[in-house]
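Below is one structure, written out as structure tokens; the observations come after it.
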Amino acid sequence: MGLRKKNARNPPVLSHEFMVQNHADMVSCVGMFFVLGLMFEGTSEMSIAFLTLQHGVVVPAEGLPSGSRTLYHYGVKDLATVFFYMLVAIIIHATIQEYVLDKLSRRLQLTKGKQNKLNEAGQLSVFYIVSGIWGMIILASENCLSDPTLLWKSQPHNMMTFQMKFFYISQLAYWFHSFPELYFQKVRKQDIPGQLIYIGLHLFHIGGAYLLYLNHLGLLLLMLHYAVELLSSVCSLLYFGDERYQKGLSLWPIVFISGRLVTLIVSVVTVGLHLAGTNRNGNALSGNVNVLAAKIAVLSSSCSIQVYITWTLTTVWLQRWLEDANLHVCGRKRRSRARKGTENGVENPNRIDSPPKKKEKAP
């Protein structure tokens, strides 16, 4: 399945340019290999480990017609599932890049640096919208909105539903796919350290909530975080788009800081006051994480990612505002010089920098 338009002049096989242009096709072939494995008895079990959720347990459930339901815990086989859906994320990334963002970049006629920023903001906007809608559906279906106590407890405490586990698997797969995308998108070397920290903080936060079974709390914090990040990405798209909409970006700092404060307040109140509950003697082997170490880990992950992202985005927007201010000042100086050079459409002979008139020689 071709996702990239091939150039008239094909680069050498396995060269850097060849890998960048055809990485979606190659990843599609790898993913198809796991799908075709379902057709054969000898490889179907291995393929199932990559394509479906593992470590399921059937538990009794009152009120259901079957009298039971399947809950999940995490295990080593989850790495295979994360790997497969990481391949899916790479394919979706390439599809959005070619059929949406590349066309938008050509229409706006942006420079190479602005194209990279536009591509990043566009990809993240799609991811945040899909994750936000998906996460809100899960919170509503598991009664987290009507029963806030589920944010720090769940029964049983070492299990999760299918949709909850699949959400976390997909989140981990997306952020892991960001590592090879640094190569495929030709990210500048000076930007790679910041990108690695940004991706690592997300993986630390999501992985911590997944491994500590703080599923509902982690999901709510992600929804708050993604809402603010979506606003930042939309502001970036407007910044590179029509100038008529750039005046509305003045509301961005207020909403951004407010969203970060709400996220920190929810983290501190929920984790600091209610996570431990009445039983403070947790058993990590059984999945009970009501211990001080778990609280410190959750609070540190939440605070660290909020502080880092706030500092990074604030710095970026300050640089943009300074650039716009400098351009505005330079433009105003040019206009003032042009006005001084002419008065009512006639050149002013008294200007200091005007060339002296040549004297006419007598015949």
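Quick reminder: no glycine exception, Cβ is built from N, Cα and C everywhere.
The annotation topological domain 'Cytoplasmic' is assigned in Swiss-Prot to 1-29 (among others) on the grounds of sequence analysis.
Long-range neighbours of the transmembrane segment (30-50) within the same chain, counting only residues 6 or more positions beyond its ends whose Cβ lies under 8 Å from a Cβ of the stretch, are 77, 80-81, 83-84, 87-88, 91. Taken from Swiss-Prot, the feature transmembrane segment covers 30-50 (among others).
If one looks beyond the topological domain 'Lumenal' (51-80) by at least 6 residues along the same chain, the residues whose Cβ comes under 8 Å of a Cβ in the stretch are 34-35, 38, 156, 158-162, 165-166, 169, 210-211, 287. As annotated by Swiss-Prot, topological domain 'Lumenal' applies to 51-80 (among others).
Here Swiss-Prot flags 81-101 (among others) as transmembrane segment. The list of residues near the transmembrane segment (81-101) in space but at least 6 beyond its ends in sequence, with Cβ under 8 angstroms from a Cβ of it, reads 3-5, 23-24, 27-28, 30-31, 34, 49-54, 118-119, 122-123, 126, 169-170, 172-174, 176-177, 180-181, 184.
According to Swiss-Prot, the topological domain 'Cytoplasmic' annotation covers 102-120 (among others), on the basis of sequence analysis. Per-residue confidence over the topological domain 'Cytoplasmic' (102-120) averages 83 (mean pLDDT, predicted model).
Feature annotation from Swiss-Prot assigns domain 'TLC' to 116-324; the stated evidence is sequence analysis.
A Cβ distance under 8 Å defines the sequence-distant neighbours of the transmembrane segment (121-141), meaning residues of its chain 6+ beyond its ends; these are 93, 96-97, 100-101, 104, 163-164, 167, 171, 174, 216, 219-220, 222-223, 226-227, 229-230, 233-234, 236-237, 240. The feature transmembrane segment is assigned by Swiss-Prot to 121-141 (among others), with sequence analysis given as support.
Residues or ranges marked as topological domain 'Lumenal' in Swiss-Prot (evidence: sequence analysis): 142-159 (among others).
Per Swiss-Prot, transmembrane segment is recorded for 160-179 (among others).
If you look up Swiss-Prot, you'll see 180-191 (among others) marked as topological domain 'Cytoplasmic', on the strength of sequence analysis. For the topological domain 'Cytoplasmic' (180-191), same-chain residues at least 6 beyond its ends with a Cβ under 8 Å from one of its own Cβ atoms are 19-20, 23, 90, 93-94, 116, 119.
The transmembrane segment annotation in Swiss-Prot covers 192-214 (among others) and is backed by sequence analysis.
Sequence annotations record features per position, and here Swiss-Prot assigns topological domain 'Lumenal' to 215-218 (among others) based on sequence analysis.
What Swiss-Prot records for 219-241 (among others) is transmembrane segment, and it gives sequence analysis as the kind of evidence.
Swiss-Prot lists 242-250 (among others) with the feature topological domain 'Cytoplasmic'.
Summarising the annotation, Swiss-Prot assigns transmembrane segment to 251-271 (among others). Away from its own ends, the transmembrane segment (251-271) comes close to residues 151-152, 217, 220-221, 224-225, 227-228, 231-232, 235, 295, 298-299, 302-303, 306, 309-310, 313-314, 317 of its chain (Cβ-Cβ under 8 Å, at least six residues beyond either end).
Swiss-Prot lists 272-295 (among others) with the feature topological domain 'Lumenal', giving sequence analysis as the kind of evidence.
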